[in-house]
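Only one structure is covered here, and it is reproduced in the block below.
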There are 2 protein chains.
Amino acid sequence: MIKLFNNRKDFDYFRNSLTTQSIGLVPTMGNLHKGHISLLEKAIEENDVAIVTIYVNPKQFGPNEDFDKYPRTLDDDIAKISAVALLLDKKKEIVVYAPNTDEGIYPEGFSTNISMGPMTQKLEGAVRPTHFDGVTTVVYRLFTITKAHQAYFGQKDVQQCLIIKKMVHDLEIPIKINIMPIIRNSEGLALSSRNQYLSESERVEALVLPHTLQKIEKLIRTKQDYKTFVYEAKANDKKWDYLEILDSKNLEMPTDKTQEVVIVAAYRMSSARLLDNILVTIASTGK
Amino acid sequence: MIKLFNNRKDFDYFRNSLTTQSIGLVPTMGNLHKGHISLLEKAIEENDVAIVTIYVNPKQFGPNEDFDKYPRTLDDDIAKISAVALLLDKKKEIVVYAPNTDEGIYPEGFSTNISMGPMTQKLEGAVRPTHFDGVTTVVYRLFTITKAHQAYFGQKDVQQCLIIKKMVHDLEIPIKINIMPIIRNSEGLALSSRNQYLSESERVEALVLPHTLQKIEKLIRTKQDYKTFVYEAKANDKKWDYLEILDSKNLEMPTDKTQEVVIVAAYRMSSARLLDNILVTIASTGK
């Protein structure tokens, strides 16, 4: 069984009843897929109580983005979470906080913005200039509201992960951030709620995204020239918003000290923008 | 006796030794005057331990402002705080945290900005567009580092006070904010570290600031027309950066529901910009 709360007062009353239990947080915008479920499974494995928040955060959508059409599927989400809960150890508990108003997240008159600076303006931030401020602000609120000890995020949104880790470092928020691997469908496409915007033919075409990243990964691993390949891939297909090989620690250009790179890309199709990335450990000899 | 810490590690060690004591925070940039001392006296009256922080925060100065020449007078400040400490109840304690590097406040690589939105762009914010972001960011850090239960600020910086209260509300920071009255010299000039930038003749000329506010206060209290007076005062003297009568709750234009107004002004002299304000309760009949 799971517990479901849709307003702050009831949730707070419950949360304040937890005194000694360890709390793991899985922040989501709902429309759960196997990627989210993998986060939930890890959260419940590592904590006494897992809290899944479901909230489509308006602050992280730009004015011309898909806030209105973003899929809201609370009943399905609850069913999926309940399926996980069926297998639980009796001492464990899954709690869903799905506020039905914005006041469930932001106190009345809220006008605060938490921004992490330059790191929010590149890659996704270059295309979505206010996106990450919306993300850090809502995640900060979720940390405050849930008072979680750990939180779980997906590697698919690698820039988001680094920005959230930076916020936790800078503001010394007492929470551990766990980044879980990308979950893919059988064909290799990284799972995303936005995949459902794709037509059937677009779903096939979208595979160019993971395939290109895999090809670059192979070139890097075998120490072949990947730069020409990336140059040509971008020159020949204008759907790449970006396709870059960066230091996975800070999303800067790799240096001699880089131990791991991330091949990170956004691919813009007519009905959705898709994100993907692959981490590659660099041998200690350098580039 | 007082305790003085100049690095984070030593301060943290001390702070973590306080478990049950109530903590009052007085955040300052040093160069203490009787305004600061009044905050300290209140903090030590209402708490077991008063922490005075002394840190000239670069983030709240604009690129062409007086960060470099801002008076740094640590020895004098310690002497003034020690004089307060001499009169203390033995169970009470005054602690000074005066970090000697920026890392004493901001963790390495810090890039976070906490902003309170539109309220930071008017009045002082119109002249100093990044000032209040610097204030909220450092105050947030001071709240985190000191884990204080209450903090004390001076009414002279009324906009700062409202912005900090807003941050505490929005982010649900567990601290009580106390605003203490303006302390003035014998002639009526509000005390400020920047008063020492003034020449002798400017000090006399500066009295136009409190005198004008007092005149407006009298007009409001006696229900006479103050608007013509304000209009003419501003038209005849271009040194007013602003001179406004606003709702003291939100610094918006007063409405029928306004219970208290603030007459708030900034007066720009050649060697310093001076701030002052007066609160006036409005009779329940409206404006």
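Every residue, even glycine, has its Cβ placed from backbone N, Cα and C.
What TrEMBL records for B:29-36, B:154-157, B:ILE183, B:191-194 is ATP binding site. Other C-beta atoms found within 10 angstroms of the C-beta of B:ILE183 (ATP binding site) number 18, with every protein chain shown included. In the three-state DSSP classification, B:ILE183 (ATP binding site) falls within coil.
Residues or ranges marked as active site, proton donor in TrEMBL: B:HIS36. Non-local neighbourhood of B:HIS36 (active site, proton donor): B:VAL26, B:THR28, B:VAL52, B:GLY154, each in the same chain, at least six residues away, with C-beta under 8 Å from its C-beta. Classification of B:HIS36 (active site, proton donor) by DSSP places it within a helix.
Taking the Cβ of B:GLN60 (beta-alanine binding site) as reference, residues of its chain lying under 8 Å away and at least six apart in sequence are, in sequence order, B:HIS131, B:PHE132, B:GLY134, B:VAL135, B:VAL138. What TrEMBL records for B:GLN60 is beta-alanine binding site.
The feature (R)-pantoate binding site is assigned by TrEMBL to B:GLN60, B:GLN160. Sequence-distant neighbours of B:GLN160 ((R)-pantoate binding site) (same chain, 6+ residues apart, CB-CB distance under 8 A): B:GLU124, B:PHE132, B:VAL135, B:PHE153. DSSP assigns B:GLN160 ((R)-pantoate binding site) to a helix.
Sequence-distant contacts of B:GLY35 (ATP binding site), defined by Cβ-Cβ distance under 8 angstroms and a gap of at least six in the same chain, are B:GLY154, B:LYS156, B:ILE182, B:ILE183, B:ALA190, B:LEU191, B:SER192. The Cβ of B:MET29 has fewer other Cβ atoms within 10 Å than any other of the binding-site residues B:MET29, B:LEU32. Cβ neighbours within 10 Å of B:SER193 (ATP binding site), excluding its own Cβ and spanning all shown chains: 20. Long-range C-beta contacts of B:GLN155 (ATP binding site), restricted to its own chain and to partners at least six residues apart, with a cutoff below 8 Å, comprise B:CYS161, B:ILE179, B:MET180, B:PRO181, B:ILE182, B:ASN277, B:LEU279.
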